[in-house]
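Here is the structure we will look at, set down as structure tokens.
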Amino acid sequence: MIKLSRPLILLILIFALATAALTIIFWPFIKQLGDPVYRESFSAWVKELGITGVAVLLGLQILQIIVAVIPGGPVELIAGAAYGAFCGLAICAAGCVIASSLVFLVVKKFGLPLVVKFFGEENIKSWKFLQNSKRTARVVFVIFLIPGTPKDMLTWFAPLSGLSLKAFVAISVFARLPAILSTTIMGDSMIQGNWVMFLVIFIIIALAGFFAMWFKDKIVKKISRDNSPRGSI
């Protein structure tokens, strides 16, 4: 008989509660999308919004990355449902480019004191290994790619690692693309009534999220050991 450790049991409970909470929140919308008439009316409403709808979603995506209060998933899900998987991806990716650029320029202007003010000195210490690392770009990309890592804090700290604006924006955007695309495909599947595709992607994302929750700390710790700084911030 396999014995589960307490941390693993806790992770399973957190994952189950988070999944249940998201299901409850989005169930009314998902249930309505089961009606072909509602799907048609939703599509017509989105078309009536025109550029306004795009601007609202773009603004929400930018706000989500900068402030890190609004979860990214719902924004991407709505983008996919409203504009399709790839147009929704383009809108969210554009928001990532704008937000990442703004954060980079602000951090370069005001430096570490601003980041410490937002996140606290203790939280910042865990990212010191990025400074002076020869593989900073690769390390930042991997951390951005792993589901569940604190991307909000990394977005604010990575500009202090010596990365150029172009490199930082490219890394932060491209590393997010798989997660964004999978979510916009889910949104598009809902509006098309393709529930098989929706469930398949949901299960894949759920499994990836669960394993990421379990292994992300080990991966980040290994990366931090292999890329420890030669100096201090």
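Glycine too: its Cβ is placed from the backbone N, Cα and C atoms.
The transmembrane segment annotation in TrEMBL covers 6-29 (among others).
Taken from TrEMBL, the feature transmembrane segment applies to 49-70 (among others). Within the same chain, residues 76, 78-79, 82-83, 88, 91-92, 94-96, 98-100, 102-103, 151-153, 155 sit at least 6 positions outside the transmembrane segment (49-70) and bring their C-beta atoms closer than 8 Å to a C-beta of that stretch.
Per TrEMBL, the feature domain 'VTT' maps to 70-188.
Annotated transmembrane segment per TrEMBL: 82-107 (among others), in sequence order.
Positions annotated as transmembrane segment by TrEMBL: 154-175 (among others).
Annotation source TrEMBL lists transmembrane segment at 195-215 (among others).
Within its own chain, the transmembrane segment (82-107) has Cβ neighbours under 8 Å at 42, 46, 53-54, 57-66, 72, 75-76, 114-115, 155-157, 159-160, 165, 168-169, 172-173, 176-177, 180-181, 184-185, 187-188, 191, counting only residues six or more beyond its boundaries. Note on the domain 'VTT' (70-188): DSSP counts are 97 helix, 0 strand, 22 coil.
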